[in-house]
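What TrEMBL annotates here:
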| type | residues | note |
| --- | --- | --- |
| TRANSMEM | 38-58 | transmembrane segment |
| TRANSMEM | 88-115 | transmembrane segment |
| TRANSMEM | 146-165 | transmembrane segment |
| TRANSMEM | 177-198 | transmembrane segment |
| TRANSMEM | 271-291 | transmembrane segment |
| TRANSMEM | 311-340 | transmembrane segment |
| TRANSMEM | 352-373 | transmembrane segment |
Amino acid sequence: MIPLSRGIVQVLENISIGHLYDETIEVKEDQPATPTKLTIGFLLGVAFSTHIGGIATLSGSDTGYKLKELYDEIIPGAKGGPITYGTYLAIAGPLSFILFLITMFYLQVICLGLFRRNSPTNLIYDNEASKDAIKVALDELPSMDLYQAMSIFFWILCYVLTFFLKPTLMPGIADGISGVVVKHSVVAMLICLFLFYMPNAADFLPYFICRKPKSYRTIPSLLRWGSAQAATPWNYFFIHGSSMAMATGMKSTQWQACVNVFSNLNAQLQVILWVLTVGGISVIGKSHLVADFFIPWSMFLNSSALPHPGQLMYAVAFACRMTFFLPVSSVSNCFACGWVNIRAKHVMMASALPVLAGLMLSVIFTVAFVPLLHRDFGDIMTSAA
């Protein structure tokens, strides 16, 4: 979706509605151009939505998978309950939707000048003229050809395969293949391979029906390795990848033991401090690794002092997913910021309210809904202990 959002801004620039980069700021030597507010809003909106949408389901994020995986491993005979696809969705779904609305509203205010008629963005863009230009551009688009229809069908098929590989709420494709371990990365790897192998035109189809093609020529693939290598913001990913070493080092040194000081505090205050601590650690990225050593620690740490022992587990899982505060906080942020040079200050300004709102919602939904939907949680935890 990030390449698509970048393409939309480029199309708007081609029809004289918007600009990808701010032409009023002088570009200094050996420094990249500065993106416009419109570009920042489009790309960061997609990057943040990737994070927020993944919160809603167990299969939508690495921390959701990690929560279910760790619970099934630590609690004997826990598979099938009480953490299920439905119970998690009932808690995380509304949380994700509310945070999405807050983020969308906030980005429109700071990037598109919502409620501010005299903002630089509103002074540059005329709404009625923009609508007319977009309508003309849409009317000029050619109809969809066979190859485009085939490509759309293929990507929808890949998405369906990804979802039904191991959907958690029901037996998946991976469960039906006996004796073979199929991980979630399989479909993602296939998609990457097909990007390099699939041709970008349907001129090869006559070969399958034994007919002569219109022309004999080499058809390039959808994605060339040189293009992928040049488009990948390696400098961002080097920093993002370093968080893996940081999380591994924290786990080996039992750094999570420092939160033992929270055990004598008020139950609600414990949840708040856990959310802030885990959220702060997850800012640099690799949130599933942070969840990997904090969730087991939270399962039995002074659980008797809490109104519900499952609160800390959910609080950690949500907090790990709420931190998209820096350009290197997530893969989507790395791509969005690396491609158009969105600076850290712009990301921090655009994510400040959504991140704070997300952490607050994590506390509220954890305290309010986990005890309501997991009434038998405590008995299972007690028997496992």
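Heads up, the Cβ atoms here are built off N, Cα and C, so glycines get one too.
When each of 88-115, 146-165, 271-291, 311-340 is scored by its Cβ pairs under 8 Å to the transmembrane segment (38-58), the top-ranked stretch turns out to be 88-115. Outside the transmembrane segment (271-291), and at least 6 residues removed from its termini, the chain residues within Cβ reach (under 8 Å) are 61-63, 65-67, 70, 239-240, 242-244, 246-248, 250-251, 259, 262, 265, 298, 306, 311-312, 315-323, 325-326, 328-330, 355, 359, 362-363, 366-367. If one looks beyond the transmembrane segment (311-340) by at least 6 residues along the same chain, the residues whose Cβ comes under 8 Å of a Cβ in the stretch are 2, 6, 20-21, 35, 39, 43-44, 46-48, 50-51, 54-55, 61, 63-64, 66-67, 71, 91-92, 95, 231-233, 235-237, 239-240, 243, 267, 270-271, 274-276, 278-280, 282-285, 287-288, 290-291, 294-295, 298-299, 301, 303, 347-348, 351-352, 354-355, 358-359, 361-363, 365-367, 370-371.
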